[in-house]
């Protein structure tokens, strides 16, 4: 429903990934062009995040200039930013309505820096209103912008044969190595498993795939 409200034709859909075993992954419609992971922000994760950032800054990494990445400056907007990351890095596969608010946002922000994109989203009324109306249609009440939430969304995408993790709380995309259209879902789930392995006592993980309808 959220995609439709943003002016995207229903050629693609978000579907739940019910499990990470091969037989459950085989139930996910193909092709898959993005995976959103919902996970808890714990002390263990924050320690890892700091160490990962320092390691990447020291060693460097290859990030293609075509990767669309934006920072998160709005509290509790990680789901919207995850969705923008998923769509923006697959915009050549999407069919947008002529008056699509998301298409206009992407076109306007394409040449911006990650920080400028975040600032633009803060003032972009059409997406904010759509996010709020969509959130209120859910079964549970959406948290207010100021409420502290310890669950977070990130997007995993394939850009130019590399699997990137896009998290607006991080200073840059994270390159997780090579992937392909055929192996992307399985490769993305391997990244999701690493999140789970870092917090084995936690159960609050959920993966959603952006799949062909």
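In case you wondered, yes, glycine gets a Cβ from its N, Cα and C as well.
Residues or ranges marked as active site, nucleophile in TrEMBL: 78.
Of all Cβ atoms in the protein chains displayed, 19 besides its own lie within 10 Å of the Cβ of residue 152 (active site, proton donor). The active site, proton donor annotation in TrEMBL covers 152.
Look at TrEMBL and you will find 1-212 tagged as domain 'UCH catalytic'.
Residues annotated as site 'Transition state stabilizer' in TrEMBL: 72. Counting every protein chain shown, 20 other Cβ atoms lie within 10 Å of the Cβ of residue 72 (site 'Transition state stabilizer').
For 167, the entry in TrEMBL reads site 'Important for enzyme activity'. Other C-beta atoms found within 10 angstroms of the C-beta of residue 167 (site 'Important for enzyme activity') number 23, with every protein chain shown included.
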Cα distance (Å, whole number) from residue 152 (active site, proton donor) to residue 78 (active site, nucleophile): 6
